[in-house]
Amino acid sequence: MSKQSLVSRKNDHLDIVLDPTRAIAATGTGFGAFRFEHCALPELHLDQIDLQTALFGRRLRAPLLISSMTGGAARSAAINAHLAEAAQQLGIAMAVGSQRVALETAGDQGLTGQLRQLAPDILLLANFGAAQLVRGYGVDEARRAVEMIEGDALIVHLNPLQEAVQTGGDRDWRGVLQAIEALAARLPVPVVIKEVGAGISAAVARRLVDAGVAAIDVAGAGGTSWAAVEAARAADASQQAIAEAFADWGIPTAQALLAVRDACPNTPLIASGGIRDGVEAAKAICLGADLVGQAAGVLQAAMHSSEAVVSHFEVLIEQLRIACFCTGSADLAGLRQARLLQLSAC
């Protein structure tokens, strides 16, 4: 694919995701099926609740990840800078969007060591698509992606549905697991696998862990639907109809999280996919997540400034802190033991 086509596609994606009426799946995340048992006597000081955690040797002041969002369009440079500055100020993690354009063209879209300069202390994750592993990418490209941003780990994203409904998408996914296993064995940093909004099943998660993957982002249904995004940018009515049929496809985030945690009890898990506030983040942690990711929910703020991103996440962090307080949880370990009532099926 030409540089112009790649960049045009990334610009289309950004424009569509910025309009939630065009991209959000009607499928719920599943978190609405759960409600915390309220603790009317917490015996805690709200301001002393400890939200700290760690992953891959980096300390985080809160269990939050700015999820992979944008990596191709020229305007991504400002967005990524705003996100990095905010992540550093807040002490949370950040994953960049796909680095394919930066790896295959002369442009970097802000995906350089400057991100590390802006955020010297954060957990920073590089990213490219799994389909590229059977189209020529290997350890060298993975190293370049990580070194480009001075990252701590590499996300390899699984997006077979998006590729299947996308005009010109990658249709041959044979050999992807074997390529992931080879990459995990040879890359000197951890490999994280994530979906992009259709979820990861228990069976797939188990195969990934057996292949040497260090962590999994379940990235379930309920947030951005990339099938809906591709329907919105389809080249013709037939392609649009094909994509629209899958707009609600996927495993809801809560259901995926429960299943993968049961199948992989010792694997670090990230919950993303439609998590809108700190109460849902608290539910995700109680259900087994180590970190909670958010992407589209902060994109509008990221278009404006790092201060807007900080304000957005300060609200979410305070919501998470109050959820801990009102469940009698002094820290994240306590939150994982809180009583979560299931009111209905996910």
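Numbering starts at 1 and runs along the chain as it is shown here.
Note that Cβ sites are derived from N, Cα and C of the backbone, with glycine treated the same way.
Now, the feature entries from Swiss-Prot:
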BINDING   R9, K10, S98, Q99, R100, Q162  substrate binding site
BINDING   S67, S68, M69, T70, S98, N127, K194, T224, G274, I275, R276, A295, A296  FMN binding site
BINDING   E163  Mg(2+) binding site
| Do you see any of the binding-site residues Q99, R100, Q162, E163 whose C-alpha is within 10 Å of M69 (FMN binding site), and which ones? | none
| message | According to DSSP, collapsed to three classes, what secondary structure does E163 (Mg(2+) binding site) have? | response | helix
| message | Comparing the binding-site residues R100, K194, R276, which residue's C-beta has the most other C-beta atoms within 10 angstroms in this structure? | response | K194
| query | How many other Cβ atoms are found within 10 Å of the Cβ atom of S67 (FMN binding site), counting all protein chains shown? | reply | 31
| task | Mind giving me a neighbour count for Q162 (substrate binding site)? Other Cβ atoms within 10 Å of its Cβ, every protein chain shown. | result | 25
| task | For Q99 (substrate binding site), just count the other CB atoms lying within 10 A of its CB, please. | result | 29
| remark: Given the binding-site residues M69, A296, the candidate whose Cβ has the fewest other Cβ atoms within 10 Å is A296
| Between S98 (substrate binding site) and K194 (FMN binding site): CA-CA distance (Å) | 12
